[in-house]
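*Asks:* Dropping the structure in here first, questions after.
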């Protein structure tokens, strides 16, 4: 039974009686009952929130000095780097913040896959997380176009052209995206407007994601629900301190890239102004799109490649029903655990192959890796759930500790 806080400050008490945001914050962020056995992989959810805030804040400052015009966009970015006070810092924080954002979100997702956080009753929580990923991808792609370098221009041309593979309406969709018959100033204006809008949508979906989390509570490494107060501890101070430690490590890694390797994740060709008459030797997207780009190229047919690429993400929406096992955590599923690590290696291999040229032997290896990606979800996961014999589950979250004691 939750007991509202007693406010010693009369002003706070007066305000909270009329708009109880402080009481809600106290309930959901201070005394919120979290499983007592969460490991450091559960830090990545809060780190994703921090990364999102960094991206929104730096993006707002960059937008103040950016010019969304094909004749001035590249120069405006260079002016931000040279003439705007701390503009170089804002740009490098924003560019590297995108990579950090995707890193923590991908770790967050693979943690969910390993510990079965997509299983009932958290299906909607999982769906909202996938919507967040899709919004991140759309936002990142449009942001990559804004500097209007060679990779920006040709990346926009290649990716938007994929929609032409859609029967009947494909060409009309491409024309709508371009605002004309080629990637030009209307395209840049559209992408800048949407790049500014999508983070607000992202923030709203993150709020729903957290709401769903607090309704059905957190999963945990054992994959079993809390049986009572002995299985939980207050979020503050235990997990706020733990999250603060993780944040310190995250910021050290983030600052290393911002100050010592700001272009580590970037493409040298994007420091060349966009030129529609000169095609780069090797067009590649940002690293966080590479696995899906590899899947796109694995299928010779254009429409088939597009369907495979989008299917690689959309298949995750039905994963709660593809996994037939009653046990959530891979800790107690030895066979599934082995296949999980093979799947992780397959995803890393696809990322590597996505950066390689479309030639042998990379094409054949990419096709095999793509086949395994879909086999993992459509064949291996259901079959393992049916035939695997899991290890015995603990009686409660606290029982492994109390039994040893």
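Cβ atoms here come from the backbone N, Cα and C positions, even for glycine.
Relevant sequence annotations retrieved from Swiss-Prot are reproduced here:
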TRANSMEM  44-64  transmembrane segment
BINDING   94, 195  heme b b562 binding site
TRANSMEM  97-117  transmembrane segment
BINDING   108, 209  heme b b566 binding site
TRANSMEM  124-144  transmembrane segment
TRANSMEM  163-183  transmembrane segment
TRANSMEM  191-211  transmembrane segment
TRANSMEM  245-265  transmembrane segment
TRANSMEM  303-323  transmembrane segment
TRANSMEM  338-358  transmembrane segment
TRANSMEM  368-388  transmembrane segment
*Asks:* What stretch in 97-117, 163-183, 191-211, 338-358, 368-388 has the biggest tally of Cβ pairs under 8 Å against the transmembrane segment (44-64)?
*Replies:* 97-117
*Asks:* For residue 209 (heme b b566 binding site), what is the secondary structure state per DSSP, taken as helix, strand or coil?
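*Replies:* For residue 209 (heme b b566 binding site) - judged by DSSP and reduced to three states - the answer is helix.
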*Asks:* Within 10 Å of the Cβ of residue 209 (heme b b566 binding site), how many other Cβ atoms can be counted across all chains shown?
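*Replies:* Result for residue 209 (heme b b566 binding site): 21 other Cβ atoms within 10 Å.
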*Asks:* Determine, to the nearest whole angstrom, how far the Cα atom of residue 108 (heme b b566 binding site) is from the Cα atom of residue 195 (heme b b562 binding site).
*Replies:* 24
*Asks:* Which residues, sitting 6 or more apart from residue 195 (heme b b562 binding site) on the same chain, put a CB under 8 Å from its CB?
*Replies:* 59, 139, 142, 143, 146
*Asks:* I'm trying to understand the geometry here, so how far is the Cα atom of residue 94 (heme b b562 binding site) from the Cα atom of residue 209 (heme b b566 binding site), in Å to the nearest whole number?
*Replies:* 24
